[in-house]
Amino acid sequence: MTETEKPYFIGTVKAIFFENPENLYKIFTIKVKKTNTDWDAGDIVVTGSFGEISEEEEYRFEGKIVDHPKYGKQFQATTYKRTMPSGRKELISFFSSDEFPGIGKKKATQIVDKLGDNAIDKILQDPSALDFLKLGEEKTQAMIEQISSNHLAEQALFQLNNYGFGTTLSARIYQKYGAQTLEKITEDPYRLVVDVKGVGFKRADELAQRLGITGDDPRRIKGALIQMVSSVVNETGDTYVDGDLLIKRVSGALRFNADDEMMKKLVEGLRNLVKDGILTVEDGHVYEKGMSDNEWSIAQSLKMITDSFKGTPWSKKDLKRELKQIETDFKVQYDDSQVRAIEQSLLNPVFLLTGGPGTGKTTIINAIVAAYAHLNDMPLDPDDDSYAIALAAPTGRASKHMSESTGLPAMTIHRLLGLTGTEDDEFAEPSLDCKLLIIDEMSMVDTKLFKVLIDAVQPGTQVVLVGDQDQLPSVGPGQVFSDLIHSQVFPTTMLKNIHRQDEKSTIIQLAHDINEGIIVDGIFQNKADRSFIGCTSRDVPEVLSQIIQKSGDRGFDISDVQVLAPMYRGQAGIDNLNFVIQDVVNPMKPKRKEVSVGNVKYRINDKVVYLVNTPEEQVFNGEIGKIIGIILAKENTDHVDKLVIDFDGNEVTLDRKDWVNVTLAYCTSIHKSQGSEFEMVILPLVNEESRMLRRNLLYTAVTRAKRLLIMVGDRSAFERSIKDQSSERQTTLKERIFVTFKIKTNVTEADEDSVEEEPKEYHLTMDMVMNNSINPMIGMDDIIPSDFIEKKEA
Ligand SMILES: Nc1ncnc2c1ncn2[C@@H]1O[C@H](COP(=O)(O)OP(=O)(O)OP(=O)(O)O)[C@@H](O)[C@H]1O
């Protein structure tokens, strides 16, 4: 090997024993034919990211020899190339191989006779070189594609690598565009911002610069606009970005002077994105593709449900009688607001019920179900043909709670709708054949999911949405539950009385006080069921270790203890606390099995959380499980490391490539904890997290504790959380509802058409952009929500 020559191996692939479709990483063995290294072995192991690799084919790999601590000597390939067959004999056997169905030895010989030893190059350069075979267009095309596919994948991955993309991103890009990768990204590198997760504007901009796309190139402007809308919406949870703000931010990102000429170009860019259906602009608000339609669609479906409701076959008197009966049966006396809630839910097509912990939401769901069934002569038996009640919640835990408390089947909204939790859900159009639909934990439902859910409801169905509007809003954009309540268009009951009878419990009262913004001194005093331990963020890990140790001594199983934190980073952040707690409750000991991925180590008994939806395995985002088995690659015939995890009785085996879907769960985010409750919650809050500290965050965390709550950290961080009201998310769902419901009451047919037709007309004018004169309520001055209620009830 000369100094400049890179180490290489040429060999035939024998067996591929690991493949990660996410990043195309593969591990396989080759039978070595030639090498410039002094590693003299018949078969070697090769690793790396490869577009396509076929067994029994010959390739040339360049890279370096490494000594893996566990698996020994391997060749880590950075580039690879299929060695093209050369020489008459090899070429004939190549063309007559299984890769080219319909080409036998005779035709293969003809090709080589006609095109010579350079046959492959000739075909790649000029596909008409094969015309003489008269195979027909389809077959010829298939043959050319087969020849070029490997060649193109290599070329593309090599070039992407040159452009500075790492293996994972290169693989994602190649998976998206396939053979057209280079053509597509050189034509418009900014398309990566839309098409490939993980490529932002800055990255695409660097590539664009290398390709000579700079300054005010329309492609550059377009890329910056798309990226900015997406990042603002994901950061804030708003459903749109204010047009002015967008233009300001984008001109900053593009380093444009805010002169008229540049503004015109930005507005033009926006206009084109609207034309191409990538963004929507309405009343000066800029929405990501589909988001504006989602809001309209929700409003229209709610209107359809409202309009199609023809009343009940029983009278209000029957209902009163039924309520008395239920009180007797359930041995409970409902308070006034609870009675109102039960009545309104049964009398109306759409009803909203909100209340804090212990106010009786579950109690009311039980009453609604029982009364509905009895009043409609329907047995409360899911196996009976006439049973038509659907109960669902956004998380597995919440739906399980619903099912346990009602004794009826309840499921996740995804399962109810047959959704997969992937991007395909956007195009799903399921249909629900129930007559009464009750959704719990409604504050967690985002705009996209609610759109699919409410669109699936059939005319005549009654819908009851239950939740706690003061909790954190959904992770995805929107705040549907809060918007529906604040629209005041639908009958709503807010439960305020706390009914939970536990005299000793002070946690619920604390939660209500927090919600009211009351900072009572008592919050920092120790009570039987809660305590506060003041410390700095540096001390949080140590304090937490001690609490966890003591909780174990007091008989708490770690599955009942949950540490909840707002952020991932920092000493008191989720990532660090997980390592700290793991060391206390499940430390490494000699001879214990341990596997690692990145800097996370997994051992048997570790508490983990699942991060995606996998309906085939019946395991969903946010579910907490325990590792009950570790099967090493050398112990199974697949030659892959595996984790066996018990998710509440459902055992799931995850191959190493799927470990990205789990993480340690001794400490989880407060956001993820929504919809779950734990016997004991430990809540560290520190001043470093000030950006996140809001009342609804603290309220959500505190309300997760059933028996014990231990607050740790900076006193001022807790006080700040109580004081800082969270700002409302920016959405236009309420306005859509006002417009849509006004149609029903007093607008003409012509107006109706103009709303139902896609409301896409481009409104953002230069004036608007420059003068900050955009008003989302344009044209709605004369409507106030209570107008509608009065009309409805009249
Ligand atoms: N009117 C009532 N009279 C007596 N007890 C009641 C009444 N309403 C509710 N309860 C009791 O109060 C407790 C809390 O009620 P429930 O579980 O329905 O509240 P919740 O709002 O669903 O609470 P969480 O959101 O915390 O689960 C239960 O034990 C329930 O039996």
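Quick reminder: no glycine exception, Cβ is built from N, Cα and C everywhere.
TrEMBL entries are annotated by machine, without manual review.
Over in TrEMBL, the protein carries these features:
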BINDING   Gly358, Thr359, Gly360, Lys361, Thr362  ATP binding site
DOMAIN    347-530  domain 'AAA+ ATPase'
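Locations of recorded TrEMBL features on the structure.
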| residue | record | contacts (Cβ under 8 Å, 6+ apart) |
| --- | --- | --- |
| Gly358 | ATP binding site | Ile498, His499, Arg500, Ile508 |
| Thr359 | ATP binding site | Leu495, Lys496, Asn497, Ile498, His499 |
| Gly360 | ATP binding site | Tyr334, Asp335, Gln338, Leu495, Asn497, His499 |
| Lys361 | ATP binding site | Leu353, Gly355, Asp440, Val466, Gly467, Asp468, Leu495 |
| Thr362 | ATP binding site | His401, Met402, Ser405, Asp440 |
Remaining residues near the recorded ATP site, that is with C-beta within 8 Å of the centroid of the site residues Gly358, Thr359, Gly360, Lys361, Thr362: Gly355, Gly356, Pro357, Thr363, Ile364, Leu495, His499, Arg500
Where Thr359 (ATP binding site) sits in the secondary structure, as DSSP reduces it to three classes: coil
Mean predicted confidence [pLDDT] for the domain 'AAA+ ATPase' (347-530): 90
